[in-house]
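Swiss-Prot has this to say about the protein:
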DOMAIN    23-193  domain 'FAD-binding PCMH-type'
BINDING   55-61, Q65, D117, T122, 128-132, I183, Y393, 430-433  FAD binding site
MOD_RES   H60  pros-8alpha-FAD histidine
Amino acid sequence: MSGIWHTDDVHLTSAGADFGNCIHAKPPVVVVPRTVADVQEALRYTAARNLSLAVRGSGHSTYGQCQADGGVVLDMKRFNTVHDVRSGQATIDAGVRWSDVVAATLSRQQTPPVLTDYLGTTVGGTLSVGGFGGSSHGFGLQTDNVDSLAVVTGSGDFRECSAVSNSELFDAVRGGLGQFGVIVNATIRLTAAHESVRQYKLQYSNLGVFLGDQLRAMSNRLFDHVQGRIRVDADGHLRYRLDLAKYFTPPRRPDDDALLSSLQYDSCAEYNSDVDYGDFINRMADQELDLRHTGEWFYPHPWASLLIPADKIEQFIETTSSSLTDDLGNSGLIMVYPIPTTPITAPFIPIPHCDTFFMLAVLRTASPGAEARMIASNRLLYEQARDVGGVAYAVNAVPMSPGDWCTHFGSRWQAIARAKRRFDPYRILAPGYRMSFD
């Protein structure tokens, strides 16, 4: 057999865990492919033995989504080459981390238009789920900014696909949760990168004003980055902060008064703060080092991410505030920011039926053994979101039954089932999501 096949306990234990540290399912074998042919062989091996196969990038899933209990884990770390960076595009392997993508593109004064907050995830990983970021109000998701993909389907066939060639596969794989094929290569869009970023961190005491200013910042398109965050102060009160950023290249500089004049914040905690663009997009790197040092990086992370209609978000936060803020601790927070639905084109990513929705991400760290309570809280939040027309962003630590998945995808379910039959006829891919196509 080609590629690298591991059956030792060290590799199997590692593949049976993820960043979430809530689910642990050790596989009997880990395959590290080096070529497309290795990927094809692993898939055919899996199908012939009636096993399942999960693709692993950096292992940043939160609820066992990259695990294969009793099956095969396909570790894509050797697919780590940035092949080409040219004007407006880059062609890269699926196992490349986004931090390495931007290192390559910034050397050509270009950048992906949408980046997630944490750049340690892989290209194939985020393109399989969506990929939200602070610039999604202008550019949609990372799945909306990919021009073509190279994929090995569940039946072991290698295909290149785009919006004009093999478009059914292209639409299925973008945000398809790994259900239809293994992304091995992607050609993504790039935009010109500015040199610097001016940051504005605006404080609010009123939730409605905080959310209204976010919608205003989204609509006027004056800012390149829009994200809100909620924390709990020492007295148990919610505190709101709107993080805005404007990209620029000296000698031209942002006009602070023009940018902020329409906003109704209480105070500005950080004003006229300029940083290098590369440092800004990789701003989580230092926090990761700190959390690794304290050990919290390795604790359970029962995260929940929900998409809530804009006209429901204020009431939702108010009525669920105790559930949202329980157990946030020192390193936890709630992210909340608006996104228009128009730029989102990947058909298998459910979004609310409205013009604008809010991403609401509850990012909690649990002491070992305390995650079960938070997972139960996540499930309740998911049900409450569903009741107001919201949907889950499917990277959650939320238990989902096969029936829940049918509800989650709604009218898309029949198309998803057809795509599963066509591209993964043996139903071997992505068992960690616990979907059923019987």
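Every residue number used here counts from 1 along the chain in the order it is shown.
Note that Cβ sites are derived from N, Cα and C of the backbone, with glycine treated the same way.
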Smallest number of other CB atoms within 10 Å: among the binding-site residues S58, S61, T122, that is S58
Protein Cβ atoms within 10 Å of G130 (FAD binding site), excluding its own | 27
Across all the protein chains here, work out how many other Cβ atoms are within 10 Å of the Cβ of V55 (FAD binding site).
-> 29
Mean of the pLDDT scores, which run from 0 to 100, over the domain 'FAD-binding PCMH-type' (23-193) = 98
